[in-house]
C-alpha cells in the first residue's frame with residue numbers, strides 16, 4: 001500500500017507518465033472531455049473536490065513549467081483567479097488564452113482530471129517541466 005502522496009491509482013499513473021512539455025488538464029465538472037483522451041474522474045458532488053484541492057497535491061509530485069488559463073477568468077471569476085494564482089510557484093509561467101483555444105489545447109492532453117468544481121472558467125492546463133537543468137556529471 002502506498003503510504004503518502006497521491007493515492008489514486010489512475011492519477012498516480014498519469015503523473016508518472018508525464019514528460020517535459022506534456023499537458024495535464026484539470027477541469028471543472030461541466031467541461032467537455034473527448035472520449036479519446038485519458039480521463040481521471042475525481043468529481044464527487046457539485047463543488048467537490050475543487051480544482052485548487054487537486055492542484056496543491058499535484059504540485060508536490062509533478063514539475064510544471066507553465067500553466068494555461070482561459071483569459072475570461074479575469075473578468076468572470078476574479079476572486080477565484082487570484083486564489084488560483086496564489087498556489088503556483090513564482091517561477092511557473094502563467095499564460096492566458098481564449099476559452100475556445102483552451103478547449104482545443106485540452107484535447108492535446110496526455111490526460112484530463114475532472115473535478116467537482118463549478119466556478120466559471122476555472123479549468124487549468126499544466127505543462128510538464130523538468131527537475132534538472134544543465135550538464136550533469138556522473139561516473140567521471
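Backbone N, Cα and C define each Cβ position, glycine as well.
Around residue 20 (active site, proton donor), the same-chain residues at least 6 positions away in sequence with a Cβ under 8 Å from its Cβ are 65, 128, 129, 130. Residue 20 (active site, proton donor) carries neither a helix nor a strand DSSP state and counts as coil. Annotation source Swiss-Prot lists active site, proton donor at 20.
Contacts of residue 121 (substrate binding site) defined by a Cβ separation under 8 A and a same-chain sequence distance of 6+ are given as 69, 70, 72, 73, 76, 77, 99, in order along the sequence. Taken from Swiss-Prot, the feature substrate binding site applies to 28, 99, 121, 122, 123, supported by sequence analysis.
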- Message: Give me the count of other Cβ atoms within 10 A of the Cβ belonging to residue 122 (substrate binding site).
- Response: 25
- What is the maximum Cα to Cα distance, in Å and rounded to a whole number, among the residues 28, 99, 121, 122, 123 annotated as binding substrate? 13
